Amino acid sequence: SVLSNPRRARRTRGSSFPDLRSRPRRLDASGPDSDIVLSTRVRLARNLQGYAFGPRSRVNDRRAVLRRVTRTAARVDLLAEANVHPLADLDPGTRRILLERRLISQDLLGERSETGPQRAAAVVLSTREPVSVMVNEEDHLRLQVLVSGLALEAAWSLVDRLDEDLGQELPYAYDHELGFLTSCPTNVGTGLRASVLIHLPGLVLTKEIGRVLRGLSQVGLTFRGLYGEGSEVVGNFFQVSNQTTLGKTEEDLVDHLDRMVRQVIEYERRERRVLLRDAYQVTEDKIWRAYGLLRYARSISFEEMMNLLSGVRLGAALKLLPGLRVYSLNKIMIFAQSAHLEEAAGRKLPPGECDVHRATYVRRILATEGVVIPDKEPPQSGSDAVPDP
């Protein structure tokens with residue numbers, strides 16, 4: 001039921017959840033460099049004074065924090081039209097959809113626990129802004145903004161505004177020497193974690209990816225898989241983020257990540273040009289094989305789909321697959337995940353049947369794209385060209 005107090009954010013109960021079938025805004029490919037960077041996320045970790053946090057938090061503490069956040073949200077402009085969703089009130093399928101859309105974490109979902117989400121775990125979702133707040137995850141609050149393309153400065157500006165507004169209403173746990181206090185020591189200081197989800201097939205195919213990733217680690221950055229910490233890299237999609245939060249300002253951290261990611265983007269574009277110059281026919285063959293499998297497969301796992309989608313996405317960016325939109329490929333990444341397929345089917349799907357539904361969905365999306373096979377001859381690559389097999 002919706003709380004009747006108009007000064008409170010709406011709190012939902014039961015399995016209902018708004019806009020499950022709507023497209024996530026960050027996937028509309030409207031942001032800068034969206035052919036390479038899928039999305040940007042900036043997150044802030046915050047705790048409230050007077051309540052235990054982290055492993056020492058008690059149920060009463062978590063419940064009190066959730067009550068305060070629910071009362072406060074409606075007084076904050078960016079959350080004025082938000083809904084508060086306690087995870088215990090959502091069915092398991094809806095929770096998985098939130099995870100697949102990267103709106104909640106595995107920790108908030110309770111995937112590492114046999115009992116599921118902790119009591120009073122919740123997520124606050126705005127209906128009009130790309131902002132959300134995880135409540136009672138590792139810390140009391142995880143404020144986050146998720147936008148399309150490479151837009152670190154814009155994402156930081158928005159989450160900073162949300163942080164300032166919430167900080168006017170809620171007493172943050174703060175130390176004048178250390179900064180914001182967090183459950184994990186690596187987040188102490190600014191509590192900021194900025195990341196970009198970036199597609200790097202050129203660097204992988206030319207075997208330059210190892211050198212680039214080692215370079216990132218040397219300048220204080222790290223990389224993870226599609227779902228963040230603990231997840232594997234699939235489909236040449238890397239989540240690059242800052243490692244440290246102490247001793248630097250938020251602006252410095254965001255600027256540093258932005259400069260490094262722009263270098264990686266330039267390296268990726270350079271290696272894509274190398275592929276077209278030195279291995280055109282091999283690259284074209286890989287791309288069209290990937291497209292053919294996705295276009296006509298009758299059963300496909302998520303991992304295989306992501307690996308093939310990487311080739312197709314590269315083909316779209318290099319204009320080797322005419323008429324294929326990046327947005328459609330982004331949409332496949334989200335809606336071909338297991339929980340989304342089950343939502344569309346209206347029932348739980350066994351793994352084998354889920355693979356069949358995934359292949360059907362991918363075929364349907366690609367059938368609407370109007371890809372035309374080019375009749376032109378491939379460009380001559382010079383003496384280093386890869387010959388026909």
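Heads up, the Cβ atoms here are built off N, Cα and C, so glycines get one too.
Marked as region 'Disordered' by TrEMBL: 1-32.
Positions annotated as domain 'Phosphagen kinase C-terminal' by TrEMBL: 36-271.
The Cβ of V196 (ATP binding site) lies under 8 Å from the Cβ of V37, S39, T40, R41, L150, L152, Q239, V240, S241, L257, V261, each of which sits 6+ residues away along the same chain. Positions annotated as ATP binding site by TrEMBL: 39-43, R142, 193-197, 224-229.
Within 10 Å of the Cβ of G225 (ATP binding site) there are 16 other Cβ atoms, across all protein chains. With a cut-off of 8 Å between CB atoms and residues at least 6 apart in sequence, the same chain places Q144, V145, L152, A155, W156, L158, V159, L192, R193, A194, S195, V254 near V42 (ATP binding site), listed in sequence order.
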